[in-house]
Amino acid sequence: MMVDWNKVFDNFGIKKVSKTDKTKSAYLPNEKQRLAIEAAGILPADERPAPSFEVTVLFDPATPTILSSYYYSERSPDAERNPEPRMGHGIISSWLAQGDKVLIGNIGSQLFVAKLDFAPISQVAASQEIIKRANRQVIFDRAIAATGKPPKRPVERAEFIRNPYIVAAVLLRSDGKCEMPDCSRELFTRDDDSTYLEVHHVVPLSEEGDDTFINAAALCPHCHREVHHGKNRHALRNKLRVYIEAMEA
Ligand SMILES: [Zn+2]
Ligand SMILES: [Zn+2]
């Protein structure tokens, strides 16, 4: 699925960094990128050296922000042509490389840049990563201003059809307890007084794991989320795998 950048940015444009951009250390933004830069309140400077400003860099943990400038190129002797604004400084001299697909977008007065090859492919992940970096007040202002029901779109996706006997057998094996070793969380019960547990694949089906009794574990909601999203997920996965394998041996 393609990310719809319109959902997060007020304006944005995408361009591939050209050889000239790089050799001249002067990035020539395209029209949509210029719109985003100027919507953020940055206008091309006439003075030299052009003043610098900070741009928020997305999807690059090693470079949270980068300095840029925005200025009119020297007027060509052929005065018929309007000078085109360029971006200078670290953004093009050190950060961008020839061939990078660069997105420049704004959220209010905050300007963002991203190399698209490093962007998440899912809309949710991309939006969350961008908005996390946005100005705190802007996040609250926009959330509070939003009203009504969200739009719907039809979703078609391929789902794995899990074997219901494996789900049932794993729940029986768990005897109502989370199978993550050492988990001592208090569990809640369903209407029928059975303990609420989720059946998880130790090696996920998306990673070519099998839908088998030995590759499935009953987990409490906390352990389940943690084994998917926690910083320690790799260690937890291993611990769970060793435990289930030992039990089934
Ligand atoms: Zn799972
Ligand atoms: Zn647990």
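Heads up, the Cβ atoms here are built off N, Cα and C, so glycines get one too.
Feature annotations, reproduced from TrEMBL:
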DOMAIN    166-225  domain 'HNH nuclease'
**Item:** Overall pLDDT for the domain 'HNH nuclease' (166-225), taken as the rounded mean
**Value:** 95
**Prompt:** What are the DSSP helix/strand/coil residue counts across the domain 'HNH nuclease' (166-225)?
**Reply:** 20 helix, 10 strand, 30 coil
